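Here you go, one structure.
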Amino acid sequence: MRLITYGNENATKKYTPRRAMMYVPGNDWKKINKISSMGADSFILDCEDGVALNRKDEARSNIQKIFQEKMFSVLKSELSVRINSIESGLCKKDLETILKGPIFPSTLHLPKMETKVQLDWLAQELESLLGKNHNIKLIVFVESARALLDMKELIQHCFTLMDQGAPFNLEAAVFGSDDFCADIGATRTPEAKELIYSRQHFVTCAKAYRLQAIDLVYINFKDMDGLLRQSVEGAQMGFTGKQVIHPSQIEIVQQAFSPSKEKIQWARELVQSFDQHQQSGKGAFTFHGNMIDMPLLLQARNILKMADRLDQN
Ligand code: 1VU
């Protein structure tokens, strides 16, 4: 089983930050026109749940137009597309319209990933629409109990397909908490205690394959304190970013998923101190009142790596 060279850990690949992943309904020009003035790392032009059934065609053709006319060509953020789930029966038309070309989105989101057969289907569709010379970044959504239990096998299957030449590169996984709650019969609460196990399972699985792990949406978009609390919690749990639905959520989320100046300084000093103690033959030592050994060094290095990726060093 290959682990280390998969996903964003591959040193030769450029890291795409996705601290805030902002949904913009693909049929809503008022919101689409706001993209350039919002500073999210990643925008998702949505064809799925943010778009009513009778507006799907409109969303598809708007999105196709946006790419062909290079409407956001100077945008520094990622501009991606969420298609409808394969099960919905709407996905084929999404792909055929959006990937008509010659200009393609760099990144596709596949909601409600459930089975290997679906992934095989996607690989074939993409190959017939893009050919073998294009490679699209893929982000998969885990939104049901079954998908969470099968997540490891489904991710492994993606990598098998990639090894066989499928024209996608799996980079991230998104936890679709609201569909997940509906699936297991849980009640969503602001504290999200009902999701602790599933978030931990999800993040462990994503990180085992070196994928970015994107946390749940905070749907009460006027509650900034709650958003901050849940964002900090997600970052502490190992998530790399969070889905957002409203412009007012972007800044709070991006901050929460960025290492602070103080944390970067702490990590730099810790690494330095660790090296000095190693040279004097000490594996464990006291630093800022805490015991430090190898696992803490690895955590400090994670902070510096993230700061480097976000260009904060
Ligand atoms: O100040 P203006 O009137 O010019 O602009 C409004 C509004 O248009 C704009 N805005 C957005 N712009 C771009 N993308 C957005 N997602 C977005 N949301 C709002 O910001 C200004 C202030 O907006 P508001 O406070 O008046 O809010 P609205 O009533 O206009 O909109 C609220 C909702 C929640 C409906 C809106 O934010 C929205 O549609 N968000 C995206 C919802 C979505 O895509 N849901 C699916 C993904 S989440 C999921 O599947 C799991 C739960």
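Here the Cβ of each residue, glycine as well, is placed from N, Cα and C on the backbone.
Marked as substrate binding site by TrEMBL: Arg82, Glu143. Here TrEMBL flags Glu143, Asp179 as Mg(2+) binding site. Annotated domain 'HpcH/HpaI aldolase/citrate lyase' per TrEMBL: 19-247, in sequence order.
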Quick check for the class: what is the C-alpha distance, in angstrom and rounded, between Asp179 (Mg(2+) binding site) and Glu143 (substrate binding site)?
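The Cα atom of Asp179 (Mg(2+) binding site) is 5 Å away from the Cα atom of Glu143 (substrate binding site).
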10 Å Cβ neighbour count around Arg82 (substrate binding site)?
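Other Cβ atoms within 10 Å of Arg82 (substrate binding site): 28.
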According to DSSP, collapsed to three classes, what secondary structure does Arg82 (substrate binding site) have?
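For Arg82 (substrate binding site) - judged by DSSP and reduced to three states - the answer is strand.
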Within 10 Å of the Cβ of Asp179 (Mg(2+) binding site), how many other Cβ atoms are there?
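For Asp179 (Mg(2+) binding site), the 10 Å Cβ neighbour count is 18.
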Counting across all protein chains present, how many other Cβ atoms fall within 10 Å of the Cβ of Glu143 (substrate binding site)?
23
Check the DSSP secondary structure of Asp179 (Mg(2+) binding site), expressed as helix, strand or coil.
helix
